[in-house]
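Participant: Handing you this structure, nothing more for now.
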């Protein structure tokens, strides 16, 4: 690269020519030449923080070229030899009178496939549907393991150790996956910051160490890269447009851009033209063709379905897979028709050669033709293997197995903290830009909270549910405050609380299940291409869910607690909120688990999430208590997180000394003066007439009152006697706590269980996520 005359006069006489990043060589403004390290003094006079903004791109170009270290000095090829892929199929068949048995068999997808993709070449993989094109691409990308034999590796000739160690193979699947609420620019910026963080640090540190371009920052580096990739892939028109509003062709080019920005050695695309019209498809392949003409281009291979003749001519080579999984042609595109003619297959005049070769590959012209072409190609593969082996002997060659490269890419050390921060901001930005969902969730909590608060025509939480009040009201003459109505009012409060718990769990699960599969498909693609670690993503995801999981239950708890007239103590409200917050977190994690398991089937995820709630709420402590539950439901009883939450709320509202110590006083002083007004006591069997009191029963009651407090409890509420498994002191004098068999000492244990429940579910979800990611490459 030549140096401007104005700059050369002030610099040492021997300039150093610096090549640019391979994807950044077009569309740049004129650049200055960076001199040797000894010229740092003179360079520093112009590279100050006050440099003109018009020259900033020039400085960036020079700094990147000087410090990035990505420029390929040698060549890189992707080679695969004798690849074969077999899967096991199973079916049920009748075997005897006693039933059926499962039989397994092996099915060969392809066999004996070899080939090579060189840097600067664009290769098309053609064949009929179901012949194994996508499977071949996944195999040479290292994403298939089980059932695969043969070898596939990257070959480096004349490359440095750094270039070999930093080699990447990018796989772009058929289905594009991007976060729809981000713009194209933001998507590329996050891609660069996640994938090129080490390169950015290296560039900035080297510039500062050499005292050259020390005003540049890491963000300058990332801005530079995404701007150049945007120019290369013609993304200017949709630069500030959300991905959801981009056309199919623009989204496909965006998928290429996010991978190209990390300078991969090989790019593998699975049917990039699927879903595009003819013009968009041509432009997409034309962009790929342009990428092979860069200064240090990648090797590109793509499967393509029914290309036009014009589209086919953009490819340098064609790789054709015939029926039965054998390769019938591997060579230059312009020699395809000649090769077929030499083997007795003449392509009709004005006929699309791609369509013709697909007909041949499908067996339309006979199995003998396919066998002949496959045998010819097998001999060609032998020659290819011999040539590759000879080259590896004559030249210094480095090889990396693609499976090992893929595993290395996914196991490499990532800057965990910075990646967590980036993924966290990206997730929050996506959430904020979905206001409809956020407002719907907010409205849901607000509406249900108000409905439950005003469901009854009185404040259902005012009654303290103490033993003394229950017995006192059982002996009052007033019909409004008799024993049965008092218990009904207490039951109204506990039933409403239990329904509130059902709502909180469901409201946490359903939105997560509906939105997570879309996000997880993006994560899978990015994770497989080595953008970040699974741990970084998962921690960022868990943290990102906390704000809404805290704010929405707080709104609900505030409305419900105040308007239902619960005991006005801030400490009890804090305990109440803490419990429903933990319950919401558990519901959200369950939604993540179901969304991960059924990532390809959101309706099934929703169905299973709701289905799992039914047994959990049946044994949640409201309908059944431990003393009356059947033995085979006991395991589910101990696993029900709702039971621990409900019991904790009962203690928070009715325990911790709410009843004071009055319940320990003799019953005679608190109850005896009102016994003469007894209306009805079914447990003792006394019936009162307005004008006459049964003296025998009355005398009996007076004698009973001389006994202990516990005996009076049994007589007045004898129907609950079998439920009282502990003394009155254990239940803190609370009738409600004794009815649901919870004590103050259980509160701390229940909270610890809920916290542990959350942590265990988080670990289970992380394990499922790792399993699903690994399973994708073992199919």
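Glycine too: its Cβ is placed from the backbone N, Cα and C atoms.
So TrEMBL lists the following for this protein:
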- 1-25: compositional bias 'Low complexity' (COMPBIAS)
- 1-55: region 'Disordered' (REGION)
- 36-55: compositional bias 'Low complexity' (COMPBIAS)
- 95-349: domain 'ABC transporter' (DOMAIN)
- 436-455: transmembrane segment (TRANSMEM)
- 495-517: transmembrane segment (TRANSMEM)
- 537-563: transmembrane segment (TRANSMEM)
- 575-599: transmembrane segment (TRANSMEM)
- 605-624: transmembrane segment (TRANSMEM)
- 636-657: transmembrane segment (TRANSMEM)
- 747-769: transmembrane segment (TRANSMEM)
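Describe each of these features in terms of where it is and what it packs against.
Facilitator: Nonlocal intrachain contacts for the transmembrane segment (436-455), taken as residues 6+ away from its ends with a CB within less than 8 angstroms of a stretch CB, comprise 496, 499-500, 503, 507, 511, 515, 548, 552-553, 555-556, 559-560, 562-564.
Residues 419-421, 423-424, 427-428, 431, 438, 441-442, 445-446, 448-450, 452-454, 459, 461, 500, 504, 507-508, 512, 523, 527, 573, 576-577, 580-581, 584-585, 588, 592, 762, 765-766, 769 of the same chain, all 6+ positions outside the transmembrane segment (537-563), place their C-beta atoms under 8 angstroms from a C-beta of that stretch.
Long-range contacts of the transmembrane segment (575-599) within the same chain, counting only residues at least 6 positions beyond its ends with a Cβ under 8 Å from a Cβ of the stretch, are 500-501, 504-513, 515-517, 520-521, 524, 541, 545-546, 549-550, 552-554, 556-557, 561, 566, 605-606, 608-609, 612, 641-642, 645, 648-649, 652-653, 747, 751, 754-755, 757-758, 761-762, 764-765, 768-769, 772.
Nonlocal intrachain contacts for the transmembrane segment (605-624), taken as residues 6+ away from its ends with a CB within less than 8 angstroms of a stretch CB, comprise 494-495, 498, 501-502, 505-506, 509-510, 513-514, 517, 590-591, 594-595, 597-599, 633, 636-637, 639-643, 646-647, 740, 742.
Within the chain, the transmembrane segment (747-769) has long-range Cβ neighbours (under 8 A, six or more residues past its boundaries) at 520, 534-535, 538, 542, 575, 578-579, 582-583, 585-586, 589-590, 592-593, 596-597, 641, 644-645, 647-648, 651-652, 655-656.
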Participant: In terms of Cβ proximity under 8 Å, which residues at least six beyond the ends of the transmembrane segment (495-517) contact it?
Facilitator: 434, 437, 441, 444-445, 448, 452, 455-456, 460, 545, 549, 552-553, 556, 560, 564, 580, 583-588, 590-592, 594-596, 598-600, 602, 605-606, 609-610, 613, 617, 620, 622, 642, 645-646, 649, 653
Participant: On the 0 to 100 scale, where does the mean pLDDT of the domain 'ABC transporter' (95-349) fall?
Facilitator: 83
